[in-house]
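Asker: Per TrEMBL, the feature NAD(+) binding site maps to Gly100, Val101, Val102, Gly103, Asp104, Thr124, Thr125, Lys137, Lys146. According to TrEMBL, the feature Zn(2+) binding site maps to Glu179, His242, His258. Feature annotation from TrEMBL assigns domain '3-dehydroquinate synthase N-terminal' to 62-174. Taken from TrEMBL, the feature domain '3-dehydroquinate synthase C-terminal' applies to 176-318.
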Amino acid sequence: MKEIKINLKNPYSVIVTSTNSHLNFWFEQKKVGQLFIITDQNVDSIYADYFRSFEQKIIGKYIIKPGEDSKRIEIILDIYRALLKNNVDRRCTLIAFGGGVVGDIAGFVASTYKRGTNLVYIPTTIISQTDSSVGGKNGFNLDGIKNIIGTFYQPNLVYIDVNLIKTLDYRNFKNGMAEVIKYGLSLDENLFRFIEENKRAIKEREIDKLKYIVSECVKLKAGIVERDELDLGERHILNFGHTIGHSVETMFDFNILHGEAVAIGMVYESYIALKRKLISEDIFDRLIKILEYFELPTNINIDNYKRFKDIICKDKKNVDNNIKIVLPQGIGRAIITTDVKADTIVQNIQEYNRRLL
């Protein structure tokens, strides 16, 4: 078991382990009280007994449909009603037991229900274990715009059981690997090299390798969140692949998974960096090779570039109508810039896609 401390005004711990046997200790430490679980149909069908030893504490459960379509105000309101029906008060703890969608919904509900309730994340996917469960961001979608409504709300505890990754279908496993690769390419050369050198063991989900990559990603994100909790500057570096990636998700009505879209975004944003001579062809090729090894997409056909440009221009990260984008400067280094115009992004995507013909 590894404990990673997040040192904020309201500090908390991220526990990385491969069992649920430590949960009782941490629940006692945090005095969680009664529990209300928010999960999805997939997780509940596999792990309905995960909290068997805490059954007496559970006063309710809300099960959502998996997928981005659940991140809407109607679901949020229905959860509020379920909490009221079960007499959930501020001493209770909401358990977000699932992937990124469950975490986004549960985090927003916890931050707003009765002006704030206790929150524990138990992420079940590699994408939520390495990224979305740490840092306090939550939110839901509105009118096709991803995460346009949300809050910053830190949990009381994040409990990461990497064993939960072993039951993921491969599409969702590789979906999470896109975020892991993102951390390596933009923030940590050693992590990127570790992924390259241990790719087969990671793909086969060897527990020690999973523990390592999850722990390293959490530590990288923890350091950035401690310095920029409210996403006002440095934290934007975590959005490598996301400016174009979020637009791809929206363009294709969220039928593309988040990590798949981020993989595509990393390629196109790295191509822009390549054209600006920020990275070499060798680095660009290494990114393509590792994404392809995990069977992640590296490009996409866009049939309406005008609509795509309009979506990019509405990205919530933009400042004063300038597109905010992260470009790699090598392996383990990246910069945040606002001097790339939407037209330039579209032109580079078109140019790269023509290279593949």
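Glycine residues also receive a Cβ, built from the backbone N, Cα and C atoms like all the rest.
Just so you know, TrEMBL annotations never went through curation; they're auto-generated.
Source: prediction; values computed, not measured.
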Asker: For the C-alpha pair, I'd like the distance in angstrom between His242 (Zn(2+) binding site) and Lys146 (NAD(+) binding site), rounded off.
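Answerer: Just about 11 Å between their Cα atoms.
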Asker: Cβ atoms within 10 Å, counted per site: which of Gly100, Val102 has the most, among these binding-site residues?
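Answerer: Of the binding-site residues Gly100, Val102, the highest Cβ count within 10 Å belongs to Val102.
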Asker: In sequence order, what residues of the same chain, 6+ apart, have a Cβ less than 8 Å from the Cβ of Asp104 (NAD(+) binding site)?
Answerer: Lys71, Ser132, Lys137, Asn138, Gly139, Phe140, Asn147, Gly150
Asker: Taking the centroid of the Cβ atoms of Glu179, His242, His258 as the Zn(2+) site, which other residues of that chain lie with their Cβ within 8 Å of it, listed in sequence order?
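Answerer: What remains near the Cβ centre is Ile127, Asp131, Ala178, Lys182, Gly241, Gly245, Gly259, Ala261, Val262, Gly265.
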Asker: List the residues of the same chain that sit at least 6 positions away from Lys146 (NAD(+) binding site) in sequence and have their Cβ under 8 Å from its Cβ, in sequence order, or write 'none'.
Answerer: Glu68, His246, Glu249, Thr250, Phe254
Asker: Given the binding-site residues Gly100, Val102, Thr125, find the one whose Cα is closest in space to the Cα of His258 (Zn(2+) binding site).
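Answerer: Going through Gly100, Val102, Thr125 one by one, the Cα closest to that of His258 (Zn(2+) binding site) is Gly100.
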Asker: What same-chain residues, at least 6 away in sequence, bring their CB to under 8 Å of the CB of Glu179 (Zn(2+) binding site)?
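Answerer: Glu179 (Zn(2+) binding site) has long-range Cβ partners Ile126, Ile127, Thr130, Asp131, Cys217, Gly259, Val262.
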Asker: Around the Cβ of Thr125 (NAD(+) binding site), how many other Cβ atoms lie within 10 Å? Please give the count over every shown protein chain.
Answerer: 27
Asker: By DSSP, how many residues in the domain '3-dehydroquinate synthase N-terminal' (62-174) are helix, how many strand, and how many coil?
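Answerer: Tallied per class, the domain '3-dehydroquinate synthase N-terminal' (62-174) gives 50 helix, 30 strand, 33 coil.
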